[in-house]
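Novice: Next up is a structure, given as structure tokens.
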Amino acid sequence: MNTVRSEKDSMGAIDVPADKLWGAQTQRSLEHFRISTEKMPTSLIHALALTKRAAAKVNEDLGLLSEEKASAIRQAADEVLAGQHDDEFPLAIWQTGSGTQSNMNMNEVLANRASELLGGVRGMERKVHPNDDVNKSQSSNDVFPTAMHVAALLALRKQLIPQLKTLTQTLNEKSRAFADIVKIGRTHLQDATPLTLGQEISGWVAMLEHNLKHIEYSLPHVAELALGGTAVGTGLNTHPEYARRVADELAVITCAPFVTAPNKFEALATCDALVQAHGALKGLAASLMKIANDVRWLASGPRCGIGEISIPENEPGSSIMPGKVNPTQCEALTMLCCQVMGNDVAINMGGASGNFELNVFRPMVIHNFLQSVRLLADGMESFNKHCAVGIEPNRERINQLLNESLMLVTALNTHIGYDKAAEIAKKAHKEGLTLKAAALALGYLSEAEFDSWVRPEQMVGSMKAGR
């Protein structure tokens, strides 16, 4: 039995594995781009299949493709979407910057599978052509950016945003639950005036709420599709209604608000929509990194750190120190945030490097974008499930640190002035006294006045958490 078969493209014949659906151009790419291990993301492959499915339907409706061929292409695309042909898409991220080879990989797989569905024999009889039928009314230059936007929007809506909302809700519940716990604040890693633990966490909640708004603000641009622009944005070789109809069809089959891009030249020449959307993801990464760092600092200890909160003990933390437990969820989250920030640099460089009518950094851009979405979504889910929901206050430690803080002296500013208050704090620190003892020793106020004026619970403003 033959292990290879001959496939042809415009450059001639080439042997491909007999058991594979791909054709000549995919094989050439496999042989010419054996670079690293990163493959085209499955979600991008599925977005390409969705795009081809929608195009076949619209081409049929416009009388440009027979019902028989269109139906076979759609059935083949549905098989790809069901995961039946995942091993038919082996191409590397590091290929042509337009994604042409992955577009042709999809065209060849769908054409060969559709031909089989129509009774053809693989490698012997082509009833559906990869270019003339599957790629009808299309160019790689508008197909690949369309698939990028489809994959990106669906990932943001279905993966990232739900996890962001869940984590925000968890922290909001913690903020409300801890609204009456007065603790010492810290600025510059030094003691500061008091606030409540609920107020502190409310800041985290507000950060995430702003991140959600920024991400949602970017979605309409991502929902704009390049399909119909063909090679350079002019729409050469397309029906006048094709672009609008294919965007409408994609909106229907994905239940997402896709529209045809109002300017196809921008849609082909830039990656601006994903650059801007990823900027919002970078902002989310910055916020999550700050939150994770705060959590692990507040939970540091258990005896020699800040120790104001406890977090779940999920696994042993050391191979040499018995009983040690580390803030591993915080560490995982901060690492992935660093990766997202690195991805943002690469996406910015790729987005800025397009020339004339086409950006040719697209595979790298979408690879990094989808990785960032996946990392952030998975990271938030893990952090929420294994850390945030289990945050609990250590009230005894909180009260100890609060009562030992010299910054409670700030409450005296309006009564005896900044200079005298500072003198009290310095004397207390230098001589190891309490603030009250130092104040009384200096004779600046009476014991009754100190007890009346230095009351931490009255120094936090509204006891509400700012929600």
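Each Cβ is built from the backbone N, Cα and C atoms, and glycine gets one as well.
Pulled the feature table from Swiss-Prot, pasting it below:
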BINDING   98-100, Arg126, 129-132, 139-141, Thr187, Ser319, 324-326  substrate binding site
ACT_SITE  His188  active site, proton donor/acceptor
ACT_SITE  Ser318  active site
SITE      Glu331  site 'Important for catalytic activity'
Novice: Taking each of His188, Ser318, Glu331 in turn, which of these recorded positions have a Cα lying within 10 angstroms of the Cα of Val325 (substrate binding site)?
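Specialist: So far as Cα distances go, the recorded positions lying within 10 Å of Val325 (substrate binding site) are Ser318.
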Novice: For Thr100 (substrate binding site), what residues in its own chain, 6 or more apart in sequence, show a Cβ-Cβ distance under 8 Å?
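Specialist: Once residues fewer than 6 apart are set aside, Thr100 (substrate binding site) is near Ser140, Phe144.
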Novice: Given Asn131 (substrate binding site) and His188 (active site, proton donor/acceptor), what distance in Å do their CA atoms have, once rounded to a whole number?
Specialist: 62
Novice: Rounded to a whole number, how many Å is the Cα of Ser319 (substrate binding site) away from the Cα of Glu331 (site 'Important for catalytic activity')?
Specialist: 17
Novice: Tell me the Cα distance separating the residue listed as 'active site' from Glu331 (site 'Important for catalytic activity'), rounded to the nearest angstrom.
Specialist: 14
Novice: Of these recorded positions, His129, His188, which scores lowest on Cβ atoms within 10 Å?
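Specialist: Candidates: the recorded positions His129, His188. Fewest Cβ atoms within 10 Å: His188.
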Novice: For the binding-site residues listed here (Ser139, Ser319), tell me which residue's CB has the most neighbouring CB atoms inside 10 Å.
Specialist: Ser139
Novice: How big is the Cα-to-Cα gap, in Å, between Asn141 (substrate binding site) and His188 (active site, proton donor/acceptor)?
Specialist: 51
Novice: Determine the minimum-neighbour residue: among Ser98, Asn131, Asn141, Ser318, listed as recorded positions, which Cβ has the fewest other Cβ atoms within 10 angstroms?
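Specialist: Lowest Cβ count within 10 Å among the recorded positions (Ser98, Asn131, Asn141, Ser318) is Ser318.
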Novice: If you count Cβ atoms within 10 Å of the Cβ of Val325 (substrate binding site), leaving out that atom itself, what do you get?
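Specialist: I get 16 for this one.
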